[in-house]
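The next block holds one structure in the form of structure tokens; read it before the comments.
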Amino acid sequence: MWLIAFQPIRLQVYRFTMGIKTALPRYELYLYTAVLAVALIWAGSWIFEASSENANRKSFKESVKPGWHYFGRKMDAADFEWVMWFTTFRNHILFALVGHVIFAKIFSLVAPKIVINGCKHRSLVFGVYGGLAVLVTMGWTFLALVLSHCIILYSVAIFKSKWMCFAAGLCTLASIKLEPFNSWQEALVTGSFSLQDILFYGGCGFSIMRCMSFALENCEKKEGNYTFSDLVKYNFYLPFFFFGPIMTFDRFHAQANNTQLIRKEREMWNITTKALLHLGGILVVDVFFHYLYILTIPSDMKLVAKLSDWSLAGLAYSNLVYDWVKSAVMFGVINTVAMLDHLDPPQPPKCITMLYVFAETHFDRGINDWLCKYVYDYIGGNHDQIFKELLATICTFGITTLWLGPCELVYIWSFFNCFGLNFELWVAKFFSLPPLSTIESAMGEAMSRRIRGLFNAANFWAIVLYNVLSLNSLEFAKMVGRRLIFKGFPLSTLSVLLVTYCGVQLVKERERQQALLEDPEPAKPVDGGKEKAE
């Protein structure tokens with residue numbers, strides 16, 4: 001999940017200048033819907049057949065585990081992160097998060113009786129509980145290590161120099177990502193249990209990013225400095241501590257210290273509904289894992305080579321959809337608790353099905369907001385100058401590479417996604433020049449939307465190929481690209497692009513309806529603009 005979470009948002013001007021509110025004929029949209037539905041069912045049937053026929057394959061023994069015995073179905077358990085969250089770590093998560101809610105509720109009830117303003121001190125309560133939970137879970141040495149990171153970055157933040165904050169923060173981040181520094185720090189944490197490595201790197205990594213946000217926001221503070229207790233309360237908010245998402249310090253500080261805690265109309269109903277949707281998402285994923293081994297199949301390249309082109313396309317697409325669902329569920333559970341605390345956490349990620357431009361590709365809005373605010377937008381400005389955009393994306397993906405842990409796979413992923421983000425700007429600039437811009441202006445807006453849809457369909461598969469390598473392997477990504485672009489040409493290539501084009505147009509239709517809701521078109525004047533006489 002974390003490997004494709006960090007692409008910055010840029011709402012391109014050129015994408016919205018033509019035809020965002022342009023409608024296509026209804027029968028045309030019905031045709032697109034039918035084609036897309038049939039294609040998804042067709043590709044799913046190929047994957048289901050491959051899963052059923054190879055459930056007992058020797059190479060599947062490590063990742064396909066016993067599942068529904070009465071239905072004769074085994075379960076795809078290749079994703080250790082999902083298994084960890086909903087088997088090994090499930091009880092720990094529920095205990096810690098429920099304890100957080102109960103602890104905060106008890107304080108809110110007791111505070112008035114001991115003449116304490118509970119609203120004013122609730123961020124302190126969150127920080128105390130979070131610190132105690134981290135101490136009990138990971139031990140005092142880990143707690144001391146995290147606090148040492150906080151002290152280092154707070155000491156630098158006092159000087160109010162952004163470059164010093166970045167230098168100190170990135171060096172601290174490198175210390176837990178690069179050998180031998182990371183092994184030395186990890187050895188300080190005594191004890192051993194199955195989740196220690198994950199909690200260590202998750203806790204330290206997100207902690208450092210939060211400390212950097214605090215330091216950079218302190219540089220923006222005109223008078224005085226934020227206190228060290230502000231940093232500790234921000235950093236040790238338990239729901240966000242180990243797995244994110246990241247709220248920038250300015251947002252968290254304002255919301256956690258807000259004394260006017262008033263629920264909006266139907267807010268609790270919306271929180272409950274979202275929680276039930278997350279539970280439903282977990283159940284749906286569980287069902288799919290018993291029938292579609294989308295994570296295990298790509299690990300067996302001999303089997304992958306025997307599959308049809310449609311199966312490969314379906315596998316690549318379904319892997320990204322699953323990763324989005326996992327991100328939405330995992331962050332959604334945490335965000336539900338945050339909303340109960342009267343916080344407005346980062347929104348869920350945007351579904352991969354809705355993405356056809358690199359500029360909107362992200363799976364973690366928290367990291368995305370962090371990178372955009374402190375790096376991408378700070379350097380790139382309004383993102384319409386080629387060289388500034390290139391510098392902004394290189395710096396952004398440079399930090400992302402360090403965050404993920406430098407290795408060959410991360411280098412390849414960063415390069416291609418950085419290239420894709422810049423290539424979109426180059427193409428937009430090129431098509432904004434005459435005579436191409438003149439030709440587009442002369443054609444109807446509906447035709448412009450169709451032509452743009454063709455380019456967006458090709459771009460969608462570039463996004464899939466550039467990111468699927470981070471979820472499966474470089475070999476699988478090469479295989480998908482080779483089969484769909486070269487060996488499958490022209491039949492497979494064009495048919496997959498046709499189906500993708502139908503999906504893109506349906507996404508554009510949804511965007512059109514949202515645009516109309518946000519900015520309704522003015523009513524047409526009667527009789528050429530003259531009002532009717534009564």
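Numbering starts at 1 and runs along the chain as displayed.
For all residues, glycine too, the Cβ spot is worked out from N, Cα and C.
All annotation found in TrEMBL is predicted automatically rather than curated by experts.
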Ranges in play 147-165, 413-431, 489-507, with TrEMBL marking transmembrane segment at 489-507
Matching range for TrEMBL feature annotation, transmembrane segment, among 236-254, 312-330, 350-368: 236-254
For the transmembrane segment (275-295), could you work out the same-chain residues 6 or more beyond its ends whose Cβ comes under 8 Å from its Cβ atoms? 44, 47-48, 50-52, 54-55, 60, 63-64, 67-68, 71, 73-79, 82, 86, 315, 318-319, 322, 325-326, 328-329, 332-333, 336, 472
What else in the chain is close to the transmembrane segment (386-404), if you only count residues 6 or more beyond its ends and a Cβ gap under 8 Å? 2-3, 6, 8, 170, 173-174, 177, 205, 209, 367, 371, 375-377, 379-380, 410-411, 414-415, 417-418, 421-422, 425-426, 429
With pairs restricted to those 6 or more apart in sequence, evaluate whether the transmembrane segment (29-48) and the transmembrane segment (489-507) have 3+ C-beta pairs under 8 Å. yes
Non-local residues, at least 6 beyond the ends, that sit with Cβ under 8 Å of the transmembrane segment (123-145): 92, 96, 99-100, 103-104, 107, 185, 188-191, 196, 199-200, 203-204, 229, 232-238, 241, 256-257, 341
